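This report concerns only the one structure given below.
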Amino acid sequence: MAADTGETPADGFGRVSRTKDVVFRLLALAATLIGIVSLAALLLNVAVDAVGWLDWQFLTNPPHPNPYEAGFLPALVGSIAIMLMIALVTFPLGVGAAVYLEEYANDGYLTRFIQLNIANLAGVPSVVYGLLGLGLFVGLFNIGYGNVLAAAFTIALLILPIVIISAQEAIRAVPDSQRQASYGMGATKWQTIRNVVLPRAMPGIMTGTILALGRAIGETAPLIMIAAPTTVFGLPNSFFSKVSAMPLQIYNWASYPQTEFQYGVVAAGVVTLLVVLLTINSIAIVIRNRYQQRT
Amino acid sequence: MSQPDFSHDGIRTARGTAFRYLFMLCALLSILTTVAIILTLLVDAVDFFAQVSLVDFLTGTRWSPTNEPIAFGVLPLISGTLVITIGSAMVALPIGLLTAIYLSEYASDRRRAYLKPALEVLAGVPTVVYGYFALVYVTPAIDAILPVDLSTFNALSASIMVGIMIIPMVSSISEDAMSAVPDSLRQASYGLGATKFTVSTSVVVPAALSGIFSSFILALSRAIGETMIVAIAAGQTPRMIDLTDPAGMFLDSIQPMTSAMVQIGTGDIVGQGPAYKSLFAVGLTLFVITFVMNLISELVASRYREVYR
């Protein structure tokens, strides 16, 4: 910032305007709130619309062309089945990669390249991961179109970068003095990781993984790309069952022109999806808070 | 962080080495993923370009993969993506920047502690839900309020929703950059008698410019790749746009690249025809655009980190 001494002040420097300051402050506050308020208004709308539609019958019935008989059960169970599979795949892989990057890798070109690559993978559009799933799991490995396994593997690759990044942060937060203490007792590197670093970082890793699963449960585009059926009437009973998921069923219903679907059945589906998502995120927050109280 | 390993117990060392390679494999999987994405897209895109010329794809102004006369010009889809990007940028960039200034310069610690998670919620709502909101609430509301002729499927409500979704990307990264600006710069400005407004706009924002720029690129890259909102609410009309005619751009149905991919993906196209393969050509185009933007954002961001830390 160049100082213009003695000459006409540039950029309003030197001229104090209280009004401008107050107006700007209010403008900035309004900008901060506008997104939150809009979303709150939309959520209120959908909650009101779901009243009368979101009932036990909706949660336990299969989909039906008649809006009064339409249900969400196969999509709900499908989403949960896919999510559990994703957790089984991403947790070990994500933690493994994070342990390598934080505890073993030196700060060389390879490490920086892996790190940059992970950051970039987190920014690849989800629909592109869908094409990866289509080409790799459906095509090359021949797992089959739109079943539990193909869906889980595809979305697992999508959230893996997020899991790795959050696990790295959790591992980095473990104080170095604890590692030194472990080495001082004669422990090997692996013993230190297993007995000191991982137990200490586990709550943070769990929180990050669960939050990533919350993202996974809302993913739609990858499922469309691997040709998961938008509407399934039965529950999945094997890894190779064709499976739908909550967001996919909502996408399908949203295209129905009847008002009963647009402002009733879909609203109920949206509220169900958001409640499941909220539950997942609450679990993550509970784990984080319990951990914070202990230290 | 690597520590010298002082143990010379053979078995334990062997086990430690085994784990080291196992973990390394997990980390290398991420590189494998990138390679797999590029190969998957390339293999089928090359097949596609054997049937449709690359020049026709990149310069064609008509996209009609299934209806005669068949045409595979990608420009109408890029036009659609451009409309959504411009629209969501007009929503998210000013709002996100002002939010970042408020959080970094004005808000008290307590207020920031609940505003930041609340803003993150905006990015956590599933996109299919935003798409549904755009279609059944936002479009009718705009139609009722504004004296314009709005189509059921239009670019306007879709871009507003995409814009709201990417606000937290702009605000959180910009705020990080603003918080990294040394306090001495602010104090110097206050010492000259400047108000908070002047300090924010003439000192903090210029000093954090590379971080802000990086957040803008990242958010726009997210808007370009956004799929479900546009697939549900923006329509399926691939058309060239006229940048001098905003009404024509926003009030009618369009079709961005991602939405075209969903349309092919949900269609009953089977076999190995060019219509199916075009999915991968459009996917490759999308991947290249977003990849380059993310890389630029990363490079710009790493520059500001070096300046102040």
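Just so it is clear, glycine is given a Cβ too, placed from its N, Cα and C backbone atoms.
Tertiary neighbourhood of the transmembrane segment (B:21-50): same-chain residues 57, 272, 274, 277-281, 283-284, 287, selected by CB-CB distance under 8 Å and a gap of 6+ residues from either end. Taken from TrEMBL, the feature transmembrane segment applies to B:21-50 (among others).
The transmembrane segment feature in TrEMBL is assigned to B:70-103 (among others).
The domain 'ABC transmembrane type-1' annotation in TrEMBL covers B:78-297.
Residues or ranges marked as transmembrane segment by TrEMBL: B:115-135 (among others).
Same-chain neighbours of the transmembrane segment (B:155-173): 80, 83-84, 86-93, 95-97, 99-100, 103, 116, 119-120, 122-123, 125, 127, 130-131, 133-135, 138-139, 142, 211-212, 214-216, 218-220, 222-223, 226, 229-230, 233-235, 249-254, 301, counting only residues six or more beyond its ends whose CB sits under 8 Å from a CB of the stretch. Residues or ranges marked as transmembrane segment by TrEMBL: B:155-173 (among others).
What TrEMBL records for B:194-220 (among others) is transmembrane segment. Using a Cβ-Cβ cut-off under 8 Å and counting only residues 6 or more beyond its ends in the same chain, the transmembrane segment (B:194-220) has close neighbours at 85, 88-89, 92-93, 96-97, 100-101, 104-106, 166, 169-174, 176-178, 180-181, 185-186, 293-294, 296-298, 300-301, 303-304, 307.
The transmembrane segment annotation in TrEMBL covers B:279-301 (among others). A Cβ distance under 8 Å defines the sequence-distant neighbours of the transmembrane segment (B:279-301), meaning residues of its chain 6+ beyond its ends; these are 37-38, 40-45, 47-49, 52, 57, 72, 74, 77-78, 173, 210-211, 213-215, 217-218, 220-221, 224-225, 257-258, 260-261, 264-265.
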